[in-house]
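Structure first, then comments.
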Amino acid sequence: MTAPTLMNTYGRQPVTFVRGEGVRLFDEQGKSYLDAVSGIAVNALGHSHPAVTEAIQRQAGELLHTSNLYNVKLQQELADMLHDVSGMDNTFFCNSGAEGNEAAIKLARLHGHRRGIELPHVVVFEQSFHGRTLATMTASGNRKIQVGFEPLVRGFTRAPYGDIEALETIAKNSDSVAGVLVEPIQGEGGVNALPEDFLAKLRELCDKHNWLMMLDEVQTGNARTGKYFAYQHSGVMPDVVVTAKGLGNGVPIGAVLAHGEAAELFQPGNHGTTFGGNPLACAAAIEVVKVLREPAMLDQIASNGLYLKSELEKQLGELPGVNEIRGKGMMLGIELDRPCAELVAQARDKGLLINVTAERVVRLLPPLIISREEIDELVGTLCPLIRQTLSQAGAA
Ligand SMILES: Cc1ncc(COP(=O)(O)O)c(C=O)c1O
């Protein structure tokens, strides 16, 4: 249901939300919904978080925007905070995930040219999702989103997700690789995790061949998986990390963090943005980082994530038709043996918002502040619906 004056880019669900509070959204009729989508991993602190609301209101009355032609105090403050939580050296602020990935791809190309590569390539993966701009759409491993938009952008080499041997083969056969861009857990692709040792092996490979190790943490960043960034589960440092989504809790902001040589690549004139890192967006993000960087908060997200996963496993783990329950923290997927898009409307009728991705994967991305009681409610509403779907004829 899209109004004729809006471009027809989304098959929208027939519901309009007018208010949100914590993990709940309310529609025009006042019906309440438990939000296990969070605007696709955006509302990390839930809806109408008091500290974020207060910061936005205060900042709106003080200063919305100047320009990156000048020093922006809150931008510097936020960059310092991200440096402290990540160990990365510096940050470029933009407005979205796709924009952040564009900047990462540009960094890899600069790095490649510095090394004397004429046509530098970035290695990307099957089933990946990096955005909808021309380069990030090309980088994404989903043919459906590319069809009709050819010519695609040159300079990408694709490998199976998580396959380190495929990368070693690429290294043997090509001297034009400048970097690798990978999601630590694929979100849109179906909540697919990398093998446990992949990032450590990728680090070694990148060091050996002088490739930039670039992580798309647009969805996994900002504590979604129980560490501030998902790479922090692995113990290795990447060269570039891109994040967005949860960083502003709904105020558009993205960030490209760089470490080591990658942090020196951009020089004045190489890259820019009008809005990126403006005072309003930074004021919101500062409040988000203040909450999410706290060790007690990260522990709570990790343990509540384990609780949610174990409750789902208890209810669904042995059920024929449930292929796998996977993911980390508050980024979980339940893969069924059949397409299950109808679950979205069935859950919505019962006051629960969920997402289905890759046709057969129920994706749960609740606000990171969700309580155990709210998790019980989520599981109590969702699991009977999945059981009902699986009891119907038409197994794959
Ligand atoms: C891993 C990943 N990268 C990039 C993007 C694109 O982000 P945006 O929609 O903010 O451009 C997304 C969005 O879903 C994503 O999940």
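Glycine is treated like the rest: Cβ placed from N, Cα and C.
Site annotation (TrEMBL, ligand pyridoxal 5'-phosphate) includes Gly97, Ala98, Asp216, Glu217, Val218, Gln219, Thr274; from Phe129, Phe149, Phe198, the additional listed residue is Phe129.
In sequence order, Ile40, Ala41, Gly97, Glu183, Ile185, Gly187, Lys245, Met331 make up the list of same-chain residues 6 or more apart from Gln219 (pyridoxal 5'-phosphate binding site) whose Cβ falls under 8 Å from its Cβ. For the pyridoxal 5'-phosphate site, whose annotated binding residues are Gly97, Ala98, Phe129, Asp216, Glu217, Val218, Gln219, Thr274, the maximal Cα to Cα separation is 25 Å.
Rounded to a whole number, the C-alpha distance linking Asp216 (pyridoxal 5'-phosphate binding site) with Thr273 (N(2)-acetyl-L-ornithine binding site) is 20 angstrom.
Least crowded of the binding-site residues (Ala98, Val218), judged by neighbouring Cβ atoms within 10 Å of its own Cβ: Ala98. Contacts of Arg132 (N(2)-acetyl-L-ornithine binding site) defined by a Cβ separation under 8 A and a same-chain sequence distance of 6+ are given as Ala98, Ile145, in order along the sequence. Counting other CB atoms no more than 10 Å from each candidate's CB, the recorded positions Lys245, Thr273 peak at Lys245.
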